[in-house]
């Protein structure tokens, strides 16, 4: 069984009149073989259907949203637990694809990873299929840099692990002790988490996150967070996820002796990169480091603090970039209100993408659940089969 996920009590399709209602949403791709009837053949972006079905889910567990933590020990423990959930799900053949502040709960002192409606089979996500429809699934502020840069790319397991880092950094900026002024805090939140531009028919972002990964954390974000253990964890995770393969040097302009030295340095850097990359095959190494920090630092005496953000022109604390949110895979189409990157707690319901329905999967994992169709309770104003109001 996959640990640290909710247990399904009941689930059903929303069918107020005994019939399920599917919503067909157009997205865009460049391959003519995908539902070409949805666009003229001379149009560059051909429309492909995505079918969404509303459903309801009742679970046994009742948790507290992560951002309502009482001390930072709860946060670190929750991150450890949801990382274990991601590993267990991956072993069971499923990938979450929406690790965010709103999808992590605190339940009986442990973390609970919820909202699996965007998950996909890992085998499907790993395949190289050029007919795949561009699909940027997740909560924008916590999506990995690579996925924000390439909406047509695969969503790998490491992308979910990286999202856990962005969750922790978001919490640190909003609820930890630091020296940023309200204006500086707002600008940092906007630059790192809300960067978004329309490019070639799709929304892309990640410039702020990519800039943060180009050098050491304290160079791009000259702030020391308290509690001290939080700073240590953030520096560690930042260094782990910013790794990049070394560039092969051009040794043609060097003497033979120097060329050997340059190649030797490159080969050593390549070995270091491969060693770091191996640590990201799952979250084992990350969980060990976080568990060690949880044991060796004081957390219980450090609770959340509130940072006052200057309001925007309309009096809210929602950054201008996210006054109206747009889907990463549906050009210029507003579909949901996304949580603002401010100290105001984010809503756990609305996301960048709509709820999706999965049926017919069988597995030993709790993630695979068959959803039975259940007729919804009739409401005032509905009509029965004879056309009578009740």
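Glycine residues also receive a Cβ, built from the backbone N, Cα and C atoms like all the rest.
Annotation comment: TrEMBL describes 256-283 as coiled coil. Listed as Cβ neighbours of the coiled coil (256-283) (distance under 8 Å, sequence separation of 6 or more from its ends, same chain) are residues 83-84, 86-87, 90, 157-158, 161, 164, 240-241, 243-246, 248-249.
The compositional bias 'Low complexity' annotation in TrEMBL covers 339-351.
The compositional bias 'Polar residues' annotation in TrEMBL covers 360-373.
Taken together, the residues in the domain 'Fungal-type protein kinase' (47-171) have a mean pLDDT of 88 on the 0 to 100 scale. As annotated by TrEMBL, domain 'Fungal-type protein kinase' applies to 47-171.
Sequence annotations record features per position, and here TrEMBL assigns region 'Disordered' to 332-390.
As a summary of secondary structure, the domain 'Fungal-type protein kinase' (47-171) carries 54 helix, 26 strand, 45 coil according to DSSP.
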